[in-house]
Every structure is written in C-alpha cells, then in structure tokens.
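*Asks:* One structure follows; several queries about it will come next.
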Amino acid sequence: IYLAALLGNGLIITAVACDHRLHTPMYFLLLNLSLVDLASISTILPKAMANSLWDSRAISYTGCAVQLFMFTFLIVAEYYLLTVMAYDRYVAICKPLHYGTLLGSTACVHMAAAAWGSGFLNSLVHTANTFSIPLCQGNAVDQFFCEIPQILKLSCSHAYLREVGLLIFSVCLALGCFVFIVLSYVQIFRAVLRIPSQQGRHKAISTCLPHLAVVSLFLSSGIFSNLKPPSISSPPLDFVVAVLYSVFPPAVNPLIYSMRNKELINSM
C-alpha cells in the first residue's frame, strides 16, 4: 500500500509539475492534494513498518508528538484543500466565464496557502494542548500510530476537557466546510441540469466525479472512525478503521483522479 501511494502520488506530482498543459487551477490543487497524501502516509507507515520488522511497538515521546502534529496538520490541510477543490468545480461549471478571474494563479496560491496554514495552526494548538495534559494511565497507545483520541485515553485529570472543547470547535469548522461542499454541488447539479445536450451534461459531471469520490472516501472513513458506537469497538476493528482513514485514501486518491482522465494519463 505504501509503495502504491508513493508511486501514484509521485506520478501525479511529476506530471503536473512538468507538463505545462496541466498548469491550471484544478491540477495545481490536485498537485497540492498529492503532496499532502504523500506526506501524511509517510508520517505514519515507515515507523509502523520499522516496528513490525523489529517486532516492537516503541516510539519516543518526542517522536509521538511529532507524528501527531504532522498527521493532524496534513489531515486538516487535506480537508481544506478538498473544500477549495469543490469551489474550483463550482466556478468551472456555474461561472465558466469568470473562471480565469476568480481562480487566477494568485488566487489559487492564496487558497492553497490558506489550507496549509490553517492545517498548521490547527495542529499546533491541538498538539500543544494534548501533550500538556498529565498522563497517568500508562504509556501504551492502543494504535499503530499516535493520534489525539488514543492519547486522551491515557489522561487522568479534567484537563483533557480543554482538548475536547478544542475538538468540538474543530468539528464545527469541519461542518462549515462540509456545508460549503454540499451547497457547491447543489449549485453544480442545478447548472448541469440546465445544459441542453446530454454530452455536455456528461462531460460536466465527469469532471466532478473524482472529487466527489475522494471527499466521500475521506469523510466516511473519518466519521466512522470517530463516531462508531463503543459497543462495537475492539482492537482489531479499531486497527482496520484506522487503516481505512489514514492509509487507504492516500493510496487510492491517485487512482481515482487518474481514472478516465486522459490529460493526466497522457502526461504520465
């Protein structure tokens, strides 16, 4: 899976960077998404593979903090990038004549920088707050990488409520992005239905399907991981779910975006 993620995301990054025909807002955002996917899977899998090879589950305190910071940073940045990509599809289909104005090179760079910067600040706050909480329930994280919910389980004071409050605030921001994505696609589908030719409708929808598939995979795996009932929770299931939302999307996203995309396939 890791090699597939490296190959797929590496090919997309190389193709978009080297082919001037792909120097458009959509592919610029896709390049950023591939960078995030490549970095996020590289944050957790190499350490997990090394521990598996040496039959160990050890990670240093500093290593755990860095891993949690990087993974949270990249996951949040990916979600914001997917939100920006929904806006890109909305402008392309609903306001095609203003596409160059609303999504010029400067605007794209600013939106991508905002996604990366928001992820960085979000992760910095969560990591600093999580590792300031006293831990007294041992030092064994019941997962193959460090994540906030597993570390909060080791807390023995009410200080963890601060982090819970921050998580609720982050969830509210995530809901705002989700509403924006839904509203964008409502407008997109309304615009598509007004296209007179069936071929035109099919072409418009086909440009949105990869993004819809990636968003659905990202949200469904993340929501199930964090909101699954405690009654069905078990170490094997928690492991499978963690793989689904942390490892599977970075490996599958390149396949989804390259499927039936002739421009990207030809550049590879």
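Every residue, even glycine, has its Cβ placed from backbone N, Cα and C.
Note: TrEMBL annotation is automatic and uncurated.
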*Asks:* Looking at the ranges 102-122, 207-227, which is given as transmembrane segment in TrEMBL?
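*Replies:* Per TrEMBL, the stretch marked transmembrane segment is 207-227.
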*Asks:* Please indicate, using numbers and ranges, the residues of the same chain that are 6 or more beyond the transmembrane segment (164-186) and have a C-beta under 8 Å from a C-beta there.
*Replies:* 76, 79-80, 82-83, 86-87, 89-90, 122, 125-126, 129, 148, 152, 208, 212, 215, 219
*Asks:* Quick test of the contact rule: Cβ under 8 Å, at least six residues beyond the ends. What residues does that give for the transmembrane segment (239-259)?
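*Replies:* Residues 1-2, 4-5, 8-9, 11-12, 30, 33-34, 37-38, 40-41, 44-45, 71, 143-145, 147, 210, 213-214, 217-218, 221-222, 224-225, 228, 265, 268 contact the transmembrane segment (239-259) from elsewhere in the chain.
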